[in-house]
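Engineer: For reference, Swiss-Prot lists these features for the protein:
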BINDING   HIS83, HIS85, HIS100, HIS157  Cu cation binding site
BINDING   HIS100, HIS108, HIS117, ASP120  Zn(2+) binding site
DISULFID  CYS94-CYS186  disulfide bond
SIGNAL    1-38  signal peptide
Amino acid sequence: MMGSFIFLLSIIISINYINSLHTVHRSNIHRNMHNGGMPKKAVAVLKSDTVNGIIYFQQNNRASATTIYGTINGLTPGLHGFHIHQYGIKANGCTSAAAHYNPFEKTHGRPTNNIKHIGDLRNIKAGADGVANVNIISNHIQLSGPLSVIGRSLVVHANPDDLGKGNGDAREESLKTGNAGSRIVCSIIGIAPST
């Protein structure tokens, strides 16, 4: 009887100790965030059967632009729509990312326009070797705060993005997706080490 009591007591003490470590870790994260700390770098690791790449997001402070850079391999040569989508991906792949990240409910457009989705980046161009070198500077992508893109998805599309300029029958879809076609590779955007 006494042995069972001591065993149970040791389990309770262990659980309390682990919970206290978790609480200290969480409070350190929150303290750093409230003291002006923020993630300065994020990463999306893109991988499918044929396409792979790593894209980094770097923002030095909340007021600075975000640089989006990296390389994607295995694309068909030419332009491809490149967007941040609303949700992180689930088991059913890129379709679970939902629509472009658009918290202000605007129509799709060119990244330099006032009317655009926050998730509208631009087209990326793959060379004849299927490699796209990405280097984008964005004033509307944030790594912290209520408009943070961390936890959302980065998606590469099969076709070029028409930047909301489609005409005729293509106009309605142009204002939603840029007629960029199917989603060929995607990744959740996660926090990366700053170094």
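Here the Cβ of each residue, glycine as well, is placed from N, Cα and C on the backbone.
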Engineer: Quick check for you: of the recorded positions CYS94, HIS108, ASP120, CYS186, which have their Cα within 10 Å of the Cα of HIS100 (Cu cation binding site)?
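Structural biologist: For HIS100 (Cu cation binding site), the recorded positions whose Cα atoms are within 10 Å come to HIS108, ASP120.
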Engineer: Cβ within 8 Å of the Zn(2+) site's Cβ centroid: which residues qualify beyond HIS100, HIS108, HIS117, ASP120?
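Structural biologist: Apart from HIS100, HIS108, HIS117, ASP120, the close residues are HIS83, TYR101, ASN102, LYS106, THR107, GLY109, LYS116, ILE118, GLY119, GLY164, LYS176, THR177, GLY178.
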Engineer: Under 8 Å Cβ to Cβ from ASP120 (Zn(2+) binding site), same chain, six or more residues apart: give me those in sequence order, or none if nothing qualifies.
Structural biologist: HIS83, HIS100, HIS108, GLY109, ARG110, PRO111, ASP161, LEU163, GLY178
Engineer: Give me the Cα-Cα distance between HIS85 (Cu cation binding site) and CYS94 (disulfide bond), rounded to a whole Å.
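Structural biologist: Cα-Cα, rounded: 9 Å.
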Engineer: With an 8 Å cut-off on Cβ distance to the HIS83, HIS85, HIS100, HIS157 Cβ center, who else from the chain surrounds the Cu cation site?
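Structural biologist: Once HIS83, HIS85, HIS100, HIS157 are set aside, the remaining close residues are GLY81, PHE82, ILE84, ALA97, ALA99, TYR101, GLY119, ASP120, VAL155, THR177, ALA180, ARG183.
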Engineer: Are there residues of the same chain, six or more positions away from CYS186 (disulfide bond), whose CB falls under 8 angstroms from its CB, and which are they?
Structural biologist: LEU46, HIS85, ILE89, GLY93, CYS94, ALA97, SER153, LEU154, VAL155, VAL156
